[in-house]
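Heads up: the structure comes next, in structure tokens.
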Amino acid sequence: MKDVIAETTGQGPLVDPFGRAVTYLRVSVTDRCDFRCTYCMAETMQFLPKSEVLSLEEIERIASAFIRRGVRKVRLTGGEPLVRRGIVSLVDSLGRHLGRGLDELTLTTNGNQLAKHAEALATAGVRRVNVSLDTLDPDRFRRITRWGELPRVLDGIAAAKAAGLAIKINTVALRGINEDELGDMAAWCCREGHDLTFIETMPMGEVDEDRTDHYLPLSIVRAELAKRFTFRPTDYVTGGPARYVEVAETGRRIGFITPLTHNFCESCNRVRLTATGRLYMCLGQEDSADLRAAVRPSPSDADLDAAITEAITRKPKGHDFVIGRGQPRAAVPRHMSVTGG
Ligand code: SAM
Ligand code: SF4
């Protein structure tokens, strides 16, 4: 009886048409960034006017509505989440849900502002962060990020570690750019005590180059790494899309996110909120719902709850990413920084 009431009032758990429970919300808190990674952004980007971006209070309200409906994990991302003014107060207010429905509050960051914020994030209840790092070579780092300085990011990672945060490094595998140092990255992560996830480059948004030139299937990366490390299977899962192996020599994990060589949609439990309040039910599809229109004019959450319920009925079965010669350079026109990686 309770479930029937919840369903009709739009307040029950979120289950999509394929029976997948939606328990993970990613929020892009800004489309802006203090780097310009070549595979992610063009050097010159048109960013959103501030009036279109959700206020921190609106983000909190929407995230809270999802938590009431069974979302147990929230990840703040972007753009670069740590360039959003007031980000720590948002983390603080979301942190109050921890242990009261929310199991985990986390961030994906480029690490550039991490030294400044690590302590406050830990105090607010963040226990681990993902830091994107594609190389340990300062010149390469500058080439990939265009504006970044490697030592500053390494300082950020050290500060996060000192604050007690667990760190997972995200590395995009790029043919001809970092493919020769992926084994060294894995060894460094093992030494430093970080988990590591490799990612295939995805065709999202036009950038200044053709991603096909640097697309490196992780099947190749994995085979190369297996010459240096012994991989043991593990059933470790984080609620994210990575599949993990354990490195026998060190006991640490390496994850592989393979949207192109192995589609992971069948176990998808997540939805993504953009900085303007559009809810994307799939990273690789264009359909979205406008939650800002439900939240901005209305102090009551009834419209928001109804909009969320309706959106989840439209969650598609999966994405259709393909990368290669003869394919459009961008499968979806949105950059990863808009929807939040
Ligand atoms: N700025 C933060 C960062 O870099 O960690 C958070 C946002 S960024 C869009 C999130 C992740 O998406 C990063 O790990 C980045 O390397 C990855 N990414 C960006 N564009 C991508 C693309 N086209 N294909 C695969 N991964 C991408
Ligand atoms: Fe910025 Fe992250 Fe995109 Fe790099 S990957 S440009 S750090 S949003």
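Just so you know, glycine gets a Cβ as well, placed from its N, Cα and C.
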(request) Figure out which of Arg26, Arg222 sits with Arg75, Thr108, Lys168, Arg270, Val271, Arg272 in the GTP site per TrEMBL. (result) Arg26
(request) Report the binding-site residues (Cys33, Gly79, Arg272) that meet this criterion: Cβ distance to the nearest atom of ligand 2 under 6 Å. Use sequence order and write none if nothing qualifies. (result) Cys33, Gly79
(message) Using the alpha carbons only, what distance in Å do you get between Val271 (GTP binding site) and Cys282 ([4Fe-4S] cluster 2 binding site) once rounded?
(response) 6
(request) List nothing but the largest Cα to Cα distance in Å, as a whole number, among the residues Arg26, Arg75, Thr108, Lys168, Arg270, Val271, Arg272 that the record says bind GTP. (result) 21
(request) Would you count the other CB atoms within 10 A of the CB of Lys168 (GTP binding site), including those on all shown protein chains? (result) 21
